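Copied from Swiss-Prot, the annotated features are:
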- Gly38, Trp124, Asn174: L-aspartate binding site (BINDING)
- Lys237: N6-(pyridoxal phosphate)lysine (MOD_RES)
Amino acid sequence: MKLAKRVSALTPSTTLAITAKAKELKAAGHDVIGLGAGEPDFNTPQHIIDAAVRSMNEGHTKYTPSGGLAELKNSIAEKFKRDQNIEYKPSQIIVCTGAKHALYTLFQVILDEEDEVIIPTPYWVSYPEQVKLAGGKPVYVEGLEENHFKISPEQLKNAITEKTKAIVINSPSNPTGVMYTEEELSALGEVCLEHDILIVSDEIYEKLTYGGKKHVSIAQLSDRLKEQTVIINGVSKSHSMTGWRIGYAAGSEDIIKAMTNLASHSTSNPTSIAQYGAIAAYNGPSEPLEEMREAFEHRLNTIYAKLIEIPGFSCVKPEGAFYLFPNAKEAAQSCGFKDVDEFVKALLEEEKVAIVPGSGFGSPENVRLSYATSLDLLEEAIERIKRFVEKHS
């Protein structure tokens, strides 16, 4: 059967391809270290699990409103006020089946054919594909490594056309882990206000920040910027709840209403049980979150120092999330590979270390390593990479 053009044009996920190959090697009995994970390696905190079990025993196993439980939307609104001093009414919030689906639904309701969305590179792999699925056109603006992968107001201005509808800002970033400062966000925001561009602020890694740095949302900088922004967030990364599939969007009532209408004809509601777990996540203790954040920071500081000692590797130190995004072009060349993608494939075949080539994130000279695994495995992986480079150089 001939498939729809919009699906046939999709680019397969580089991350999933590497993960599948790693699983294949593991199944064959090889000692594979996988650093492709996009999820915390900690279990969901117990009080959240208990709340979900309790909700089932209390009979909360039926449909909920398409936009999410009122109690959960109230908890999210309280979280915004408590953490970022932003005020949203429940009618300005929609709960979705994960932050990814919140983004998908948003693009579906704001984009018409050929509308343009500015996406800074490097980017999370699903941004351009979701834009294309909604009929839009991704427009890439390069975040240079010497600028810590962040774009400037001038770059943004130069990318704007009469078809520009939105820009995606992801801070802390997947895959780089860098964060925009308040001053940088304010400058980008002024350009967006001047040209009436919607700001899509992906804040899913908000709680995972390091070096004493605190996340800043562009929506908290002014009332005008709040009105011009849709925030995407969820409990997946902050509370180690990736499998629960609870995310949300917060923005103007007209956009949220349209997203809710679309959800009513697509997913209906997010899983009722997971929603009760998310309520417990936002109303429960913060100690498990801080313990996870501290563990990630310790891993980062330990392996970053070892990684940059590998010949041919350079790396901007992350400020958040749980990824390293080093430039490996020089290492690949010194090892005799035509590009970084070939380097990554050979590394997996020979040393059984799975990392993700940066080509899938719009940066073909880089690779992404997740430190969402044990420190022992991380240190062993770095040793294997170093051995691989020294052997081929």
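Glycine is treated like the rest: Cβ placed from N, Cα and C.
Location within the structure of each feature annotated in Swiss-Prot.
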| residue | record | Cβ neighbours (10 Å) |
| --- | --- | --- |
| Gly38 | L-aspartate binding site | 21 |
| Trp124 | L-aspartate binding site | 22 |
| Asn174 | L-aspartate binding site | 24 |
| Lys237 | N6-(pyridoxal phosphate)lysine | 26 |
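Within 8 Å of the Cβ centroid of the L-aspartate site, not counting the listed residues Gly38, Trp124, Asn174, the chain contributes Val125, Pro175, Ala321, Tyr323. Separation of the C-alpha atoms of Lys237 (N6-(pyridoxal phosphate)lysine) and Trp124 (L-aspartate binding site): 15 Å, rounded to the nearest whole number. Between the two most distant C-alpha atoms of the annotated L-aspartate binders (Gly38, Trp124, Asn174) there are 11 Å.
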